[in-house]
């Protein structure tokens with residue numbers, strides 16, 4: 001009787017079972033970053049190691065999400081306290097991302113407002129042909145703003161219990177995100193400068209590249225949400 005009393009959970013939090021996915025994700029991240037550095041410096045095996053890291057991260061994303069969906073949907077482990085913790089974690093993640101990109105903006109404005117003599121004392125540097133902001137960058141900005149509006153529409157549709165409209169909103173958002181990624185890739189292929197072309201190329205590709213990477217990850221997130229919505233995993237009360 002005492003043993004049974006000890007096994008009764010007297011708190012609203014979810015104590016997760018031991019999982020291999022954090023370790024596998026760390027190994028995948030190591031392979032991704034190390035392989036990326038080797039690939040960019042044209043070392044043998046860098047491309048293979050980079051691909052291995054990407055595949056490992058994608059595999060961990062799938063399996064970890066699968067476990068979380070099972071815990072939330074079938075085991076009922078996501079209580080109100082757990083949902084509040086998840087929301088707080090997402091808020092902290094967004095704050096950390098703001099600080100992450102703040103460093104790139106700091107580098108850009110430092111170099112552009114006060115250009116050093118090494119680059120000719122002007123911005124953009126004398127040997128750089130800048131991309132016009134009124135071409136693909138402007139179109140991509142419109143796509144991003146439109147995707148924000150469509151995903152907000154989908155969220156309000158879920159809260160209102162309108163599954164069809166929510167599916168339409170998520171589908172439109174995925175189309176916008178895919179178009180953005182394709183145009184970003186085309187812009188990179190047609191750019192008259194590369195990452196190794198001084199501080200301008202470094203800041204441009206680091207800032208826009210990481211932003212594009214976030215768009216790709218967000219597209220995967222929304223694709224998973226669309227699949228789960230089609231399988232009736234979301235309700236008006238529980239859709240986080």
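One-based numbering along the chain as shown.
Using the three backbone atoms N, Cα and C, a Cβ is placed for every residue, glycine included.
A quick note: this is a predicted structure, and the numbers were derived from the prediction, not measured.
Annotation source TrEMBL lists domain 'Heme-copper oxidase subunit III family profile' at 9-240.
Sequence-distant neighbours of the transmembrane segment (21-40) (same chain, 6+ residues past either end, Cβ-Cβ under 8 Å): 46-54, 56-57, 59-60, 63-64, 67, 195. Per TrEMBL, transmembrane segment is recorded for 21-40 (among others).
Among the features that TrEMBL reports, transmembrane segment is placed at 46-65 (among others). Taking Cβ pairs closer than 8 Å, the transmembrane segment (46-65) reaches residues 19, 21, 24-25, 27-40, 220, 224 in its own chain, all 6 or more past its ends.
Here TrEMBL flags 86-109 (among others) as transmembrane segment.
Under the heading transmembrane segment, TrEMBL lists 134-154 (among others).
The transmembrane segment annotation in TrEMBL covers 166-183 (among others).
Feature annotation from TrEMBL assigns transmembrane segment to 203-227 (among others).
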Under 8 Å between C-beta atoms and at least six residues away from its ends: which parts of the chain pack against the transmembrane segment (86-109)? 78, 199, 203, 206-207, 210-211, 214, 240
